[in-house]
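Below is one structure, written out as structure tokens; the observations come after it.
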């Protein structure tokens, strides 16, 4: 039996609102169902201004270069530093909507064989390390994309022991998860859970204190959608919460509250 989610108790820790259609309508509908805050990571430098323009008391942003789109790591990191400096300047000017980015992301490594050419492993590793260094120097958490590259991601993160963050759309084994846990990382639970019993079993074993809820809207697809989520990808967060609560044999309200606290603690939002 599905549990009702407490109003205004859910945070979507990873969604791309800049790519969501009918955004105002969909956000209003999400808020009515208790999805009260959103973390929006950028994926390319060209996108950063658009993402920054979304900032509000309920929309927080992260800046970074996704491994698919790395071109010139040194130039991109210089640009990232400039944007971080500008955001700090806006804060000192007491802008009503200006906020400091809550994280560096979406960054990471993706070694999945793709039909389209992607940046080399060497370029991805260079970019990932440089962005981690920026996160460390600015005392910001990171939002990490890790696909077919967990060993390399873990070894790189070990070089930055003070950094904390979340492994977005985690889809690994419990053994891999334990290595991330040893580094103090959290795990993004999203629509992948709805179509994978194996992954659901992994998340059932993870500490609830290390789980964040996410949609990756509008990109992540799932086999099982509620009727509402078919038209509004932001609403699948409630499906994920209910599914994971059943797997952990707790109420959806209890799970949502703990995941909300986890997200606020990590991103200080």
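All residue numbers here begin at 1 and follow the chain in the order shown.
A Cβ is built for glycine as well, from the same backbone N, Cα and C atoms used for every other residue.
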Which of these, 216, 239, does TrEMBL say binds divalent metal cation 1 at the same site as 14, 16, 106?
216
Among the binding-site residues 106, 216, point out the residue whose Cβ has the most other Cβ atoms within 10 Å, with all shown protein chains included in the count.
106
Tell me, how many other CB atoms lie within 10 A of the CB of residue 14 (divalent metal cation 1 binding site), whichever protein chain they belong to?
27
Listing them in sequence order, which of the binding-site residues 16, 106, 216 have their Cα within 10 Å of that of residue 145 (divalent metal cation 2 binding site)?
106
Sorted by position, what residues of the same chain at least six away from residue 168 (divalent metal cation 2 binding site) have a C-beta under 8 A from it?
14, 41, 105, 106, 108, 143, 144, 145, 146, 188, 214, 216
